[in-house]
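Chemist: Below are the features listed in TrEMBL for this protein:
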type: DOMAIN; residues: 1-45; note: domain 'BHLH'
type: REGION; residues: 70-109; note: region 'Disordered'
type: COMPBIAS; residues: 70-80; note: compositional bias 'Basic and acidic residues'
Amino acid sequence: LSPSRRAHLRLCLEKLKGLVPLGPAAGRHTTLSLLTKAKLHIKKLEDYDRRAAHQIEQLQREQRHLRRQLEKLGMERTRMDSIGSTISDRSDSDRGETPPQPLGLPRVD
């Protein structure tokens, strides 16, 4: 190798040392051991990325499910509120009572 290419390779290996966790034996490493550790580190990062993507998919599915449940409960509450107000209106008129007036408004008889 030419001296400039050798210097460039040495510089690249030094940068790689800064990116790859070398463990307790962080002294002098051969090019082969550094490249091997870099390869293992990359595989570990890819595995972590795959697991994170899988977890994101699971959480998105759960979020969609919970949103559907929330919508369903909201519609059911609206239905129950309308049924409750209908029953309440009927029971008040059946007893000859007038529904309570909001505060601050005079009672109209």
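Glycine is no exception: its Cβ is also placed from the backbone N, Cα and C atoms.
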Chemist: According to DSSP, how is the compositional bias 'Basic and acidic residues' (70-80) divided among helix, strand and coil residues?
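Modeler: DSSP classes over the compositional bias 'Basic and acidic residues' (70-80) add up to 11 helix, 0 strand, 0 coil.
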Chemist: Across the domain 'BHLH' (1-45), what is the average pLDDT of the model, as a whole number?
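Modeler: Mean pLDDT, the domain 'BHLH' (1-45): 89.
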Chemist: Reported in the order helix, strand, coil, what are the DSSP residue counts of the domain 'BHLH' (1-45)?
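Modeler: Output for the domain 'BHLH' (1-45) reads 32 helix, 0 strand, 13 coil.
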